[in-house]
Structure formats: C-alpha cells, structure tokens
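This report concerns only the one structure given below.
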Amino acid sequence: MNPQAKLIFTTSLLLGTTITISSNHWILAWTGLEINTLAILPLISKSHHPRAVEAATKYFLVQAAASALVLFSSMTNAWHTGQWDITQLTHPTSCLILTSAIAIKLGLVPFHFWFPEVLQGSPLTTGLLLSTAMKFPPITLLFMTSQSLNSTLLTTMAIMSTALGGWMGLNQTQTRKILAFSSISHLGWMAIIITYSPKLALLNFYLYTLMTAAVFLTMNSMKVLKLSTLMTSWTKSPALSTTLLLTLLSLAGLPPLTGFLPKWLIIQELTKQEMPLMATMISLLSLLSLFFYLRLAYCSTITLPPHTTNHMKRWHVHKPVNTQIAILTTLSIMLLPISPIILTIL
C-alpha cells in the first residue's frame, strides 16, 4: 500500500477514536465511529485477495447497521427526554437498542458471527487493530452510559460470549480465528462487570489489549497463520516461541502472570455484588478458552513436527530484537506484583 495512503488511513483511525472518546454529544460520537469504520476498510482489503474483499464487505455491512442503531437509540432518547448528552441516556428502549448496537460493534454473542470471518480475511497487523483499537470507542460509550444499562441483559450476553468464545475456538486450526474467539471470550468478562464497576472493565480492556498486541506482533514476526506453521517455528526463533508461550498463558489468566489480575478482580467484584453463581459460571467457562491457549502454547514450544520425510530445517537467523514485542511481552507477563498500585488507581 502507498505510504501516503497508509498515513491518511492511520491518521483517520486516530481522529475517529479521539472524536468518539472525547465527545459528549451523540452525533459527534456517531461521526467518530463512522470515520473509524471507513478508515479501517482499505486496511482490511489491501491485499485484494477475494477473502480480504469479502471480509471488508462483511465488516462494512455489520458496522453500518450498528451505527444506524446507535443513531436510532440516541434519537429515540432525545425525542423522549430532550437530551443529546451521552451520559443522559435514560429511556429504557433507547438503552436496549444501544446495548444491541454496541454488542454488534464489539462482536458480543449473539452478534459475534462477523468477527472471526473478518479477522480471518485480514492481515495480522490489521487483525490487531480490529481486536484492540477498533473496540476502544464502543467500550468507552458503554463506560459513559454504564449507569443506565440493563445489567441482566449484559450479564446474559457476557455468559453466552464466554461460553461460545471458548467452545467455538476449540476445533480451530487458524491462529487468527483462535484469537477472534479469544477476543469474544474476553469481551464477555468486560460486559459482565461494566454496570457494576466500569473502571474495572476498562482495566480489563487495557490489559487484554496489551497481551493481544504482544501475541499478534509475535505471530506477525514469525509469519504464523496456522497451527502447522507454529509447530515449525521453534527452530527458527526459539526465544520468541518461549515468550509467546508465556504471553498465551497470561491471556488464559493463569496466576503468576498479568492476565490473572483482571479475572481475579472481576470475580471479587461479582462476589461483592452477591452474584457468586455468575462468578462461578464465568470462571468455569473460561476453562474452555484455557484449553485452546494451552494447545497454542503446546504447538509453539513443546511439540515437534513428525519427521516422516526428510525436510529442510528453517535457518536460525539472529534477527535484531524487536523492542515493541520485548516491552509488550514483559508487561504481559510481569504486571501482577504491582497490582496494589493498580488497585489504588481504581
């Protein structure tokens, strides 16, 4: 892609996100979401492969429908209350429509079908943007309207997202699809807590972004698109494979790693809100996604491909260390000891 064009699209993404997260008026927030959608489309379809064009078309149709619903819910609220302020969303019907619209934008169950397909048709770097940066504006809208939202509806969607995100990722062999279902599962954890502790949901999102960015950039560096490629990557880059193992276990939420922190705090908050059943259910359902993280980790480090034929080993090249991956991986693994500092911010 032309560097000037790439610069324009990246700047538009930053502009759209900034407009949405800093606006008080619904029309401005909607404008920011539209700029974001239009800016990411060329980045999805830049390879001109039929799969990429299909992914871009699906993404456009889904996001256009969600944006129309955002506009409809804000207009309904303005009609009944005379308020265009985002934090003043009080009409129950508007709240339900907005919850559905944001769920479509994020890819929460039952509106999740587009997300794995779009991610599968996109390059890994665009996939990283779709999984992290493109979810930030909708999450901030949920954050700003969290006082008015229907917690029963969000809890139901959250439990379903964690269940289906884990269950549908079990038999996947494409890494991008596995990461898409991982994203759906993590969104479930954010959705269940957003009405009770919005700051905790945002903390979960930031840590999820950190770990997902580390995984995507590592896979992009190793050029891994499916599990069979991941199996042969050990000989090419052993250090990266080892850190990928730890980052995946952190995404799964295993105790000494960063990913355990948001899960621990969310379970604690749900128990305080007298929802021990939901806390137990979401914890047990996250074991499903733990299985495919362990499978990815197993493929990246422990297994060796079967030597049925003589095949060429990949060259083990001493490439310079990628600073971004090094910093992100370190943060993805080692933030748990400073959790008291993080808790003082909350």
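Placed from the backbone N, Cα and C atoms, the Cβ positions cover glycine too.
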7-25, 178-196 - the range that TrEMBL marks as transmembrane segment: 178-196
PLDDT averaged over every residue in the domain 'NADH dehydrogenase subunit 2 C-terminal' (290-343): 79
